[in-house]
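Here is what TrEMBL says about this protein:
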- 7-28: transmembrane segment (TRANSMEM)
- 34-53: transmembrane segment (TRANSMEM)
- 97-113: transmembrane segment (TRANSMEM)
- 143-161: transmembrane segment (TRANSMEM)
- 167-188: transmembrane segment (TRANSMEM)
Amino acid sequence: KYENPWTIPNILSLARIGLAPVLGYLIVEENFNIALGVFALAGITDLLDGFIARNWASQKSALGSALDPLADKILISVLYVSLSCASLIPVPLTTLIILRDIVLIAAVFYVRYKTLSPPRTLGRYFNPCYATAQLKPTFISKMNTAVQLILVAASLAAPVFDYVDSIYLQTLWCITAFTTAASAYSYYRYGRKTVQGLPSRIT
């Protein structure tokens, strides 16, 4: 299936990816007040791209089904590494999240290869106009993304509002670790059901 990749939701997802290194820099430099504002902006782009894709059929795309969660994973990975460098999130939790995301991203590249009709050239493989599969995240994966982002927001706000050593923040670490592990298992258990192939005919 040949489709236009330059939809508003896809552009918003790309903007979210672009904000990731900005947030990382702000956190490492301990500019937490500004980082909170930029994080809120990234959250708005996430809400908007989903809302637009759901309500306007012309703005929905197979590429967006992969680009939106990819943008979330890149943003979350950068945030967790940066927050670990700032000693606001434990390194083992960040390691668990990064490893899970690396495996999922590798799986997406594999699915792309398997669903791309011959000839499988590099040009066609990396051409976003050729949509080959629609990705549908599991319910627990969606919940996990929400929990991970809540922890990021809470961790960013911790030095601003002076609750870095809060027991509630530490409890949130444990909840995030659990949902991350559960999400990884859900993809292992139901992975085939999260991918829907698209017709290979070019339209």
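Every residue, even glycine, has its Cβ placed from backbone N, Cα and C.
A TrEMBL annotation is a machine prediction, not a hand-curated record.
With a threshold of 8 Å between CB atoms, the same-chain residues lying at least 6 positions outside the transmembrane segment (143-161) that come near it are 27, 30, 32-33, 35-36, 39, 43, 69, 72, 76, 79-80, 83, 88-89, 97, 137, 169, 172-173, 175-176, 179-180, 182-183. Within the same chain, residues 34-35, 38-39, 41-42, 45-46, 48-50, 52-53, 58-61, 63-64, 67-68, 70-72, 74-75, 77-79, 81-83, 85-86, 156 sit at least 6 positions outside the transmembrane segment (7-28) and bring their C-beta atoms closer than 8 Å to a C-beta of that stretch.
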